[in-house]
Amino acid sequence: MSDNQSWNSSGSEEDPETESGPPVERCGVLSKWTNYIHGWQDRWVVLKNNALSYYKSEDETEYGCRGSICLSKAVITPHDFDECRFDISVNDSVWYLRAQDPDHRQQWIDAIEQHKTESGYGSESSLRRHGSMVSLVSGASGYSATSTSSFKKGHSLREKLAEMETFRDILCRQVDTLQKYFDACADAVSKDELQRDKVVEDDEDDFPTTRSDGDFLHSTNGNKEKLFPRVTPKGINGIDFKGEAITFKATTVGIPATLSHCIELMVKREDSWQKRLDKETEKKRRTEEAYKNAMTELKKKSHFGGPDYEEGPNSLINEEEFFDAVEAALDRQDEIEEQSQSEKVRLHWPTSLPSGDAFSSVGTHRFVQKPYSRSSSVSSIDLVSASDDVHRFSSQVEEMVQNHMTYSLQDVGGDANWQLVVEEGEMKVYRREVEENGIVLDPLKATRAVKGVTGHEVCNYFWNVDVRNDWETTIENFHVVETLADNAIIIYQTHKRVWPASQRDVLYLSVIRKIPALTENDPETWIVCNFSVDHDSAPLNNRCVRAKINVAMICQTLVSPPEGNQEISRDNILCKITYVANVNPGGWAPASVLRAVAKREYPKFLKRFTSYVQEKTAGKPILF
């Protein structure tokens, strides 16, 4: 009856919750983070039936949703810095969403929380409903299950406990028997005292009688039997008091012995269970540690490319993790590039030599006289002066070239504070640490001497856009925005994304020029100068961070005369390269990461490029 009453009362309590209507459905446009390439994109989001779904647009809902998550176990987290953003995570899946304004965000959060509360996991009424049946079943069988499992491996202890119960029953019976005997004895003593009092009174009232012969006749009531009659207490017949006392003593001795044995068994069992507990605790600790590490790795993978881990002032990734991620990405790019180069070498044979009409002989040495076309591997541009290079950036080009020829070729000693950061054979890389508003602006200067090539050849390969993809591995795409002159072009190029750093693009003017020698002893000098400019055809965009550059490749050709009348070969020429780079990367990349990456990438670039030039010019006529 009580069970029925409890069920009825429980049902009456749930009636109001059952009658309450479902949560209100909601739909609208929210910005969703797609990936690090496309960033935030507007999506049509629908909140319905305790699930959150999104579509590309409202018009495409009939084609099905692009993604959906159940809100039962979802965690909604408003962002600490962005007032319009909130994140929804379910296990290792995370949605990054942005509303139009803070009020709009709060409306969405409230609606999602309401759906979550009304779901099976979030509702208290659901917990009561599901918990009631479980509690009834478990309450009925809990004790029996526990006792059964406890005694499965405890036969000795169970037997000793049975002995204790037997001792208890024996002791109770013995106590009852002895108590009964003592009560009977007490009743008998009381009755005997009353009888004695009565006998004494009768004796006092009994006078002697006169016999016929005149003698006194005394009564025999005063004899022993009359004065102290033998009274047997009722109820004590058949009780062996001595035997009961001995048995009682043995029982009381057996109880402590059995109890001691029980305690000993329990101590042994406790030690055994303690060892098992310690083992399980250690296993639990290892499991929790492995789970924690696994969850950490899963979170890293799930947030890979997430907006919180991107380069920025509020990035959640520290400098060490930032550098590790950048280094790992660069290593992957290097592996891909090595595979690509191996495939090119296997499939493509080196470019054939130009036809004979492109050469003329002077003495016994052949050199290129006719320029290559723009589509050829190298274009020869004979520029002795800048008189024909008149365009709107001419004055800026002149200033840049003069500055590089004046300062870039100076010795690294003195007060310039150049630091030698890399030295590999004849190649040396120097750096001056410069920061402005927290942004690293370190100028870098690299010098290297390359045998078998001329400065003209090196500069042509560095300037010519037709062969740029053959040696430049960091560019995603590029195009010529404007051709200012035969030796001056404006280029827009986008560099490959290296997560977590933001993607960079560069808009710069590239000019190649031959510097006239002031004296006969001065070496032949060529220069390629690249510096950032602005152009209406390539405005800033939100996808990339615009970097600013000022780069110069200065090459001087040194010729050692051949022995006798032999012709000049590539063994007699040496190119002294001076590469100077001033780069403002923009953005929020950590200074330590930028310096470490520059120290790694600049020497690798210079070695890769010069090796490429040596490979391309091997076996070809020398281009002075």
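The backbone N, Cα and C atoms fix where each Cβ goes, and this holds for glycine too.
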Looking at N-acylsphing-4-enine binding as recorded in Swiss-Prot, which candidate out of Glu457, Glu472, Glu601, Glu615 goes with Gln493, Asn530, Tyr579? Glu472
Please identify the range among 132-138, 244-250, 321-327 that Swiss-Prot labels motif 'FFAT'. 321-327
Long-range CB partners for the motif 'FFAT' (321-327) (under 8 A, at least six residues beyond its ends), listed in sequence order, are 311, 315, 498-501, 589-590, 592-593, 596-597, 600
Tally of helix, strand and coil residues over the motif 'FFAT' (321-327) according to DSSP? 7 helix, 0 strand, 0 coil
Give the mean pLDDT for the motif 'FFAT' (321-327) on the 0 to 100 scale. 72
